[in-house]
């Protein structure tokens, strides 16, 4: 089985033009099969403000009414995705942009209303790899924004970390998959206040022990749950590090495995 | 050689939700290989107004400064293209959205400044069909918005009629191509004031004669020049009619050929 790398890059890189440029040049130079998943950054919030559409966040998740969904499809699938594609082409990486509607790739269901009505937010139900595969096997790199669809004509806002893990899981049926989460730290920290306390390797047993000890808090806990779920579902390993980890493995970073 | 239909649908359909829905259901039911190219309609102008970005048109062409290019990439490649893709999926047409940057498909050069500086407007230089072909040959339908790129990281605004004819010409090397322009009339009119004066068939000799007689004015002349250029460059035939011409050939429409 050939190896494929699924790289997720977050909003902090998207929002910083120089950091994005550097990241894309490194991603373009990454050898072998690859897929990119990008977050949205602050541009959607900025456009909402410009258009006087109220911004409503609950626990870091965006409440997505119809006007907000339009903004998200414009910013994520339009401005950000197409500029990333144009830049990757300039670095000789033949890339093609995807929302989850494209190629019927990511089918989700609108999140049921419980305590909170998230609006047009989708939870992933199924990933179809056919369109991705025919491109990947022809040296064309899929680049996903964080939008899915319900197969009934409705686009849905979907968390980019989840898109990355679900795409990686689905591709695991056809390739050996390495899922790489790029974020602002050098890796998973044993002590959240010490940037040098990066955990080099963490298997699922160690993770459970550290979790019980209360070592992981805030946004890191759902991120790690997501990572171990991906590993259980067929992803070979997960790497968490700063954006340059995709090409530079001489630095600190975390490797997660079962 | 297999036949492929390249369908261009304009802004008048994009702007009308019911007309777009009907058109997409017909396009989805169209048998055989196909490609869709869509215009932008009035949404880009509306968003520009909402964002207080000045709208500047010369002879129906949009002067495209950096802020306008952002708007175009958001509206054409984001909102319009992704909603079309989601709707086609609902009609069981497996489609995938393209700008010209995706798959390095449409390479253009920024229009040189002569009397008018059009800004970030691109004239098509080369169409690469590889990404399209691997999808088409796997029953996945490419859907283009009217954006190209310069291969140096710059997106460029490009006329949708031109995108359609250039894509059709490039595909003519691999398929028998039929280029279909859907617009607000039933076809090319011999008398612009008589909607029933549709010219059924027009070869290039007849066209030259009628042109000298001054039968074609306004926007129709460059449209027809574009069509005969496509025919000279390998497109088998061009059809001009109202949107339902794609599935219904019992009505009036115009067929152009060399």
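Cβ atoms here come from the backbone N, Cα and C positions, even for glycine.
What TrEMBL lists as substrate binding site is A:40, A:41, A:62, A:157. Counted within 10 Å of its Cβ, the other Cβ atoms near residue A:40 (substrate binding site) come to 24, all protein chains included.
Here TrEMBL flags A:4-242 as domain 'Aspartate/glutamate/uridylate kinase'.
Under the heading site 'Transition state stabilizer', TrEMBL lists A:8 (among others). If you draw a 10 Å sphere around the CB of residue A:8 (site 'Transition state stabilizer'), it holds 25 other CB atoms from the protein chains shown.
Summarising the environment of residue A:223 (site 'Transition state stabilizer'), the number of other Cβ atoms within 10 Å of its Cβ, over all protein chains shown, is 17. The site 'Transition state stabilizer' annotation in TrEMBL covers A:223 (among others).
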Item to check | Cβ neighbours within the same chain of residue A:62 (substrate binding site) - under 8 Å, at least six residues apart | outcome: A:44, A:55, A:56, A:68, A:72, A:121, A:157
Item to check | Most crowded position, judged by CB atoms within 10 A, among A:41, A:157 as binding-site residues | outcome: A:157
Checklist entry - Which chain neighbours of the substrate site, leaving out A:40, A:41, A:62, A:157, have a Cβ atom within 8 Å of the mean position of the site's Cβ atoms? => result A:11, A:39, A:44, A:45, A:72, A:75, A:76, A:146, A:160
Item to check | Cα distance (Å, whole number) from residue A:40 (substrate binding site) to residue A:8 (site 'Transition state stabilizer') | outcome: 11
Checklist entry - What kind of secondary structure is residue A:223 (site 'Transition state stabilizer') part of, going by DSSP in three states? => result helix
Next on the checklist: Give me the CA-CA distance between residue A:223 (site 'Transition state stabilizer') and residue A:40 (substrate binding site), in Å, as a whole number.
Outcome noted: 17
Next on the checklist: If you pair up every Cα among A:40, A:41, A:62, A:157, the residues annotated as binding substrate, what's the maximum separation in angstrom, rounded to an integer?
Outcome noted: 14
